[in-house]
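*Asks:* Please read through the structure below; I'll follow up with questions.
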Amino acid sequence: MAPLLSQTLIHTGRFLLRRFLEPPPAVISAVAASRVCFHRYYSSKSLSLVSPLGLHCSSLFSPPALCNSAFSSSATSTTIEVQSTEHEVVIALGSNIGNRMNNFREALRLMKRGGICVTRHSCLYETAPVHVTDQPRFLNAAVRGVTKLGPHELLSVLKTIERDMGRKDGIRYGPRPLDLDILFYGKMRISSDKLIIPHERLWERSFVLAPLVDLLGSAVDNDTVAHWHSLAIHPGGIFQAWERLGGESLIGQDGIQRVLPIGDKLWDFSNKTHVMGILNLTPDSFSDGGKFQSIDSAVSRVRSMISEGADIIDIGAQSTRPMASRISSQEELDRLLPVLEAVRGMPEMEEKLISVDTFNSEVASEAISNGADILNDVSAGTLDPNMHKVVAESGVPYMAMHMRGDPCTMQNKENLQYDDVCKDVASELYLRVRDAELSGIPAWRVMIDPGIGFSKSVDHNLDIIMDLPKIREEMAKRSIAVSHAPILVGPSRKRFLGDICGRPEATDRDAATVASVTAGILGGANIIRVHNVRHNADAAKVCDAMLRRRRSKG
């Protein structure tokens, strides 16, 4: 295997270095694109109203499933006067006392009950305290929503939620379980003793601007958002305000980190490539079917992958290879649960994560109840209408993958037609993620997978691996938050590699996998899903070292 790996890497090394290291890195600059779109928008004579889904409409998109709350009451029984017109609002969230993530979840629940329909979520940020520095780090985020509450009534509801969550009067800028601030309210500019909109310190706070930018798309999506840009203290709008503070260059520093909540911890997927080791419990998987069906063999395999550098173990009990037959929920659970329980109890799994690969909501629910940290859905919810609801209620992160059709139809001719595979995959996957968000899965809990080998030809797979930044850029046009989601690539041992290299046996494709994974990481992948953990973990370490070196040189 070593000579084969060396030969493959020598042949691919020159291309990869030329493609990824000589020019500046192919990293998304959504903010720069946003500024161009912003100026184009204002130079237009007619401002079209576009929904968060990018569809022209006469009013803001307001999904009934999320917006059925009684607008006549707040989080308590107090009667609130409402307006007849819905207004789009932006609300910032902060917390540094108690279980910060639970504080956010409860705040969102109370906001919905109080008459605020949340339609978009930012990414999640852990930030250093300012002004009063001798206190715990904050968790910060922001949401967009619509409400019929007037601005002062909205403020009253938010203050009630803060009190209900245990906030008391104390040191200004001091510790608090929950902080809710109105950043924008429709097209209004408000200045009163109790309320100033836009928020008076908005433009100087990176921990507010970072999540605010996430709520936008690099293409201005409606005239209310255009008005918010016009309120900025800089002519380039919100995006230029963010850039003037440092923009994306700030993220990852001690002062502000973009994180994803998994279990009781916050994970930063930007500081290293995370390796996901594959554990197939199926008799018919294309690469290692039937090898790990017993508990002992599965546990032994996990122990080996952990020792070789796996950060995540992805357990699947339903084959998703082309033409795979769908098994019953009970059969999938019978395969999965005993192994999941055994793996969860392994001492080696401390500080490691378990992902369960299923497109069945019943299996997903049981897996999460039995210790799964991540739900990995190859259909992004298209094969089970209950999946998004189950994941939303569970609180676990959701890996949404692009696929057309199902495993039996995904390689049909009609599912292989693309105008531009990266743009089309980004657009279709965004719509699935958007549906998940409107079902209650915040953007800060989403990871994305462009679906290498699923509804793709050889050339499609190569285009995706080489142009991951293009996928992020396309998503950023509609949601900068989604464009920041961790990206997984999973080319491991797949048929297109065999077609390229003349390797009909899946187990002979590990060297080709290393080459494709290397290209993916240098193109911006955060997670690699592989069979051979040892070789790919080494490749990831080398790629990470090259990327760190490049960043250090500016």
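In case you wondered, yes, glycine gets a Cβ from its N, Cα and C as well.
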*Asks:* Need one residue: from THR273, THR320, THR409, THR518, the one Swiss-Prot lists with ASP357, ASN376, ASP449, LYS494, ARG529, VAL530, HIS531 for (7,8-dihydropterin-6-yl)methyl diphosphate.
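*Replies:* Only hit among THR273, THR320, THR409, THR518 in Swiss-Prot's (7,8-dihydropterin-6-yl)methyl diphosphate site, alongside ASP357, ASN376, ASP449, LYS494, ARG529, VAL530, HIS531: THR320.
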*Asks:* Widest Cα span across the (7,8-dihydropterin-6-yl)methyl diphosphate binders THR320, ASP357, ASN376, ASP449, LYS494, ARG529, VAL530, HIS531, in Å?
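*Replies:* Site span for (7,8-dihydropterin-6-yl)methyl diphosphate, by Cα atoms: 18 Å.
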*Asks:* For the region 'HPPK' (90-215), what are the DSSP-based totals of helix, strand and coil residues?
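*Replies:* So the counts come to 40 helix, 39 strand, 47 coil.
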*Asks:* Does VAL530 ((7,8-dihydropterin-6-yl)methyl diphosphate binding site) have same-chain partners at least 6 apart in sequence with Cβ under 8 Å from its own Cβ, and which are they?
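*Replies:* VAL530 ((7,8-dihydropterin-6-yl)methyl diphosphate binding site) has long-range Cβ partners VAL275, MET276, GLY277, ILE278, GLY490, SER492, THR513, VAL517, ASN536.
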*Asks:* Using Cβ atoms only, which residues of the same chain lie under 8 Å from ASN376 ((7,8-dihydropterin-6-yl)methyl diphosphate binding site) while being at least 6 residues apart in sequence?
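*Replies:* Those within reach of ASN376 ((7,8-dihydropterin-6-yl)methyl diphosphate binding site), by Cβ under 8 Å and sequence separation of 6 or more, are ASP314, GLY316, SER355, VAL356, ASP357, THR358, MET399, MET401, ASP449.
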*Asks:* Are there any residues at least 6 positions away along the chain from ARG529 ((7,8-dihydropterin-6-yl)methyl diphosphate binding site) with a Cβ closer than 8 Å to its Cβ? List them or say none.
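*Replies:* Spatial neighbours, sequence-distant, of ARG529 ((7,8-dihydropterin-6-yl)methyl diphosphate binding site): MET276, ILE278, ASP314, ASP449, LEU488, VAL489, GLY490, SER492.
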